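Trainee: Please read through the structure below; I'll follow up with questions.
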């Protein structure tokens, strides 16, 4: 059995790490490189960095901090933010990123996924999906440009359909960002993640809702995800990554120590 992964997420805005609740009201939580180094030292399996306003503001993730992170940590990391071309992706990988993630740009141009996969291989292409549960229609819908509240818009895609589409086009992993759960620390959306797991033949990373160690256990056991991403519980030192891994191992979950 492949070991499950613990993945701290660092949302970046104006050169700082920030965190919001349900993708709104972001507050500064720290500097990029020291936080990355701290999580690597605690035992994170990899890191994800989102330049959250890049796509909405039509720019690409800032490469200067990418190279500084690469110099300081020895675990894989993924970067996202406004990546729309092969050249932009190549530059970020050259600066030290191990994977690149695309979200809003892929919704604008789905062919970007297959072009990136053809150029760099499936293994380093991650697709982020911002999924919102719409109670009125009892359905999961994909939103775009979520890093800027004023620019956020609903797309024509239902989450399940987009999950299938991005796999057909060649993505290597999917991060499902459950917007309703984001930052509230009430637990992962097991129901939605389990539904997506049935459709997902590539590694699936759960994002949104972690508040306790049991939430991590439950999402691994019940939704059978490959990795669990979290932000605020790590930023605010509510959960220590090393202690979390010891707990999960004691619960019988295969985890890298």
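Any Cβ shown, glycine's included, is placed from N, Cα and C.
It should be emphasised that the depicted structure is a prediction, and the values quoted were computed from it without experimental measurement.
What Swiss-Prot shows for this protein is this:
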ACT_SITE  11  active site
ACT_SITE  130  active site
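In terms of burial and nearby residues, how do these features look in this structure?
Mentor: DSSP assigns residue 11 (active site) to a strand segment in the three-state reduction.
Reduced to three states, the DSSP call for residue 130 (active site) is strand.
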Trainee: Which residue, out of the active-site residues 11, 130, shows the minimum number of other Cβ atoms inside 10 Å of its Cβ in this structure?
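Mentor: With the active-site residues 11, 130, fewest surrounding Cβ atoms within 10 Å: 11.
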Trainee: Compute the C-alpha separation of residue 130 (active site) from residue 11 (active site), stating it in Å without decimals.
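Mentor: Residue 130 (active site) to residue 11 (active site), Cα-Cα distance: 14 Å.
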